[in-house]
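Annotated features in TrEMBL:
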- 4-151: domain 'Heparan-alpha-glucosaminide N-acetyltransferase catalytic' (DOMAIN)
- 48-68: transmembrane segment (TRANSMEM)
- 80-99: transmembrane segment (TRANSMEM)
- 111-129: transmembrane segment (TRANSMEM)
- 136-153: transmembrane segment (TRANSMEM)
- 189-210: transmembrane segment (TRANSMEM)
- 222-239: transmembrane segment (TRANSMEM)
- 245-269: transmembrane segment (TRANSMEM)
- 290-308: transmembrane segment (TRANSMEM)
- 328-349: transmembrane segment (TRANSMEM)
Amino acid sequence: MKQRFMALDVMRGLTLLLMILVNTPGSWSYVYAPLLHADWHGATPTDYVFPFFLFMVGAAMVFSGRSLRDLTFTQQFSKIFRRSLLIFLIGLFLNAFPFSVALQELRIPGVLQRIALAYFFAIWIVLYLPLTGRLIAALVLLLGYWLILQLSADPYSLEHSVVRQIDLLLLGENHVWRGKGIAFDPEGILSTLPSIVQVLIGFEITRYLVAAENKNHAQKMLLVAGVAMVAIGLIWHPFFPINKYLWTSSFVLLTSGVAVIVLLALIRLENIAAFRGVLHALTLPGKNPLFIYALSILWAKTMYLIPVGGQSFYQWLFAQLSLVFSPLNASLCFALLNVALMWLVAWWLDRKKIIIAL
């Protein structure tokens, strides 16, 4: 049991640190290609970070869900709805901070909002459906999403996808992301459906690992499952392109398969003495993931508010690093400093035995 908890904490902490790394470059004009999202179809290493986080949400449900099973439906709903709502509202708060945007233009979707919704729906599937029912639900979501996208004449395009049209209809163009030059949100309403499967896969993989009596055999079987998911995702790609922005079903299978392989690798690495110190260090952010993630966003935005010599502290720090490093390396060093700072906060919280949970 200790090994599995360790591997899960390591993967959660590593994923969180990678999320901070890719979210806080010194300048978006100077970022190494692997630290950027794919332009549209395809996947870079950065595109795996958020799916891994959803996978870990499912993994955590194996343990948190136990306490829910003994409650009445009303009690379950109260706890699940409260937790989902709080995560969603924290996401809205992060979008709004530092409150310089009018409510009429506030982006509603986001990373935490997607986590909240995916968790809310996945936990009910886990609580009330048997394994066969859960597998059917996952298939219906993956294949159903594929079919829904075909309602558009250009189903996988930025401008004409059903994903975008539903967001514009239900949220309005003032409340979605514009990072691609037009109103389109990569964490939109419809594309949340396949992300539920990502959570379910994380749950099933972890549940199987925990319950298996023969751990070595279980790990071998899961390795086969992980490779199979990667293969299916790649085979599906020509027909249903791997796309993080649309969160396509092929993208779900590819990234989930890789997540399984990474988790198994971490379990193996824990048995090697030389890696134990590093692995333990990586567990620390994973003990307070929501707090560390929110703090990293608030800190990055706050750096833009602190004036230094006619510019923001964010710009000033990048300029100072650029005096020593090339622009690309200065931008990377800036991000690494933020990672180190957040790790230190996680270390302090662990030292004080502080766990911040909803």
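The backbone N, Cα and C atoms fix where each Cβ goes, and this holds for glycine too.
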- Among 111-129, 222-239, 245-269, 328-349, which stretch has the highest count of C-beta pairs below 8 Å with the transmembrane segment (136-153)? 245-269
- Task: Could you tell me whether the transmembrane segment (290-308) and the transmembrane segment (80-99) are in contact, taking contact to mean 3+ Cβ pairs under 8 Å with a sequence separation of 6 or more?
- Result: yes
- If one takes Cβ-Cβ under 8 Å and requires six or more residues beyond its ends, the residues near the transmembrane segment (222-239) are 201, 205, 208-209, 249-261, 264
- DSSP-derived helix, strand and coil totals, residue by residue, for the domain 'Heparan-alpha-glucosaminide N-acetyltransferase catalytic' (4-151): 111 helix, 2 strand, 35 coil
